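Reading through the structure tokens given below for one structure.
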Amino acid sequence: MNAELEEEEVGLDRLDQRRRQEQDRKHEESQATGIWTGSSDLEHDSINEERRGDSDREPAHVSLGQGNPVEHYSSFFEVPDAIYDKFPPHRKAIIVALLSFCAFLSPISSTSVLAATPEVAAEYSTDGSIINVVNAVYLLMMGISPIIWGPMSEVYGRRRINQISAVLFCGCSIGTALAPNLVAFFIFRILTAFQGTAFILVGSACIGDIYRPTERATALGWFMSGTLIGPAFGPFVGGIIVTYTSWRVIFWLQAGLAGVAAAGTFTALLPETIHQRKSDHLVGLGPRKRAVVLWSMVNPGRVLALLISYPNLAVASIASSAAIWNMYSLLTPIRYVLNPRFGLETPMQGGLFYLAPGFGYLVGTTVGGRWADHTVKKWIACRNGVRVPEDRLRAAVPFLGIAIPVCVLIYGWGVEENVGGIPLAVVTLFLQGVSQMFCFTCLNTYCLDVMQGRSAEVIAGNYFVRYSFACAATACVLPAVRAIGVGWFSTVSALFLVAAAASTLATIRWGKGWRDRVDAKRRVKRAADHAITSKELGEGKAEEGKGEEETGV
């Protein structure tokens, strides 16, 4: 069996190598002609593209001429393979490590205060449900901010956005630690969330910039370990801090970590990874035209329009939302549900339960990305070298539709009926952590694969929907558990996951057709717009010629 698997992997590697060679040949031709021939759609769209003098980046976007927004009119195309060799493997590993550390900050901030919720509520003379509402709004802001940071990173580059976010995140963390009242606490928490999501969004886009599609899920798995380990280990760390000192120390620690991240982004550890900044297309424009074009590039409506236009992106976002709904609906009420159920008295004891999913995420990191990349390579071989982005989703379906729902039901009803005790709760939390990592890795990488020219915007839309559901889960889980019990709430979560798995299967089956139909409509609209523009230009020239004849010029 091992020999057969090794033979299959060798065959896939050879097929991948032949494909790379073919793309490199096309890339060399494009260098000579001045036109990037990565796809037939781009051959037509990039004829009038203004070439930059900066030779270390290849054009990854379509320009319709100076002063026009940069667009793609085909949702899926292959980026020239040579672009991914810009950085050596060890440099890529350093970039992923730094990005993962940065991405660790915002999620750990979203949950580290969970173990300290009663203490924070007591200091501000309020109820734990109010503090959970603050945490819910934190997650809502984490969902809103990507639709702003995503387009900005396409215009000004990944590195600059990471630097700005790291500095502001550090400052807002200090403000939270010093908050004298609930209003100040609320405001600084919201501002912290607004900065922190940029790490996750831009980090994912950076990995899409530097890793080939058949490799990036493995790298993204390691990157996402930071985004998922943060929520799991945050309450444990917060529990230790609250047990022995003030809850404000949580945010001083957070500020210190953010300072380290900020320092890393300003060094050579984090180079610019984007293939081409859209800001390059603003050079030479007047102030008024520049403002108009810049707004068209950074308008948050671009992200929402993209999400609405392409059903496959909407379905992927719902699938991610089901997984993160499950994640936060499990993590949020642990202190209130498991502590009294098992007779635990200190915040640190309750925080220990968060280690189970945390270690599950670590295990999932080591195998989830590899499993996703293996699935893609397998289907490329089955399709004779053709890569269809939706094939990656096949790796997520068994975990999204079977493994997680089963664990959710066992955990919820076990706690509800007081069956299995602590061991059953720990095991099911661990298995859910592993399964969630498989799902998140596949779904996030799909967003990078399916529209490589607008990957940051696709990821931004996904996070907008995802964290909106995380916000809802955080806000409603405690009242819902008190009203209907852990068992029935877990049943609702399980049904949501099964429905998401079914929609993911639909995307695998019909997603390519959905994309092709939307692309066709966009091309027809573009052709009509060009026809109108050409007609107006022709009429203008005719009027100009007529005027010259009348004046004798």
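Positions of Cβ are set from backbone N, Cα and C atoms, glycine also.
Copied from TrEMBL, the annotated features are:
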COMPBIAS  1-10  compositional bias 'Acidic residues'
REGION    1-67  region 'Disordered'
COMPBIAS  11-30  compositional bias 'Basic and acidic residues'
COMPBIAS  31-40  compositional bias 'Polar residues'
COMPBIAS  41-60  compositional bias 'Basic and acidic residues'
TRANSMEM  93-117  transmembrane segment
DOMAIN    95-553  domain 'Major facilitator superfamily (MFS) profile'
TRANSMEM  129-149  transmembrane segment
TRANSMEM  161-180  transmembrane segment
TRANSMEM  186-207  transmembrane segment
TRANSMEM  219-244  transmembrane segment
TRANSMEM  250-270  transmembrane segment
TRANSMEM  303-331  transmembrane segment
TRANSMEM  351-372  transmembrane segment
TRANSMEM  393-414  transmembrane segment
TRANSMEM  420-443  transmembrane segment
TRANSMEM  464-481  transmembrane segment
TRANSMEM  487-508  transmembrane segment
REGION    531-553  region 'Disordered'
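Ranked by Cβ pairs under 8 Å to the transmembrane segment (219-244), the stretches 161-180, 186-207, 351-372, 420-443, 487-508 are led by 351-372. Here the transmembrane segment (186-207) has Cβ contacts under 8 Å with residues 95-96, 99-100, 102-103, 105-107, 109-110, 134-135, 137-139, 141-146, 149-150, 153, 158, 161-162, 164-166, 168-169, 172-173, 175-176, 179, 216, 219-220, 223, 227, 261, 273-274, 444, 447-448, 455-456, 459-460, 463, 467 of the same chain, all six or more residues outside its ends. Each of 250-270, 303-331, 393-414, 464-481 was scored by its Cβ pairs under 8 Å to the transmembrane segment (487-508), and the highest score goes to 393-414. Between the transmembrane segment (351-372) and the listed ranges 161-180, 250-270, 303-331, 420-443, 464-481, the one holding the most Cβ pairs under 8 Å is 420-443. 303-331 is the stretch from 161-180, 250-270, 303-331 with the greatest number of Cβ pairs below 8 Å to the transmembrane segment (464-481). At the 8 Å Cβ threshold, with sequence separation of at least 6, the transmembrane segment (250-270) comes into contact with the transmembrane segment (161-180) through 3 or more pairs. Computed over the domain 'Major facilitator superfamily (MFS) profile' (95-553), the whole-number mean pLDDT of the model equals 85. Residues 316, 319, 322-323, 326, 330, 371-372, 374-376, 379, 420, 424-425, 428-429, 431-432, 435-436, 438-439, 442-443, 446, 486-491, 493-495, 497-498, 500-502, 504-505, 507-508, 511 of the same chain lie 6 or more positions beyond the ends of the transmembrane segment (393-414) yet place their CB under 8 Å from a CB of it.
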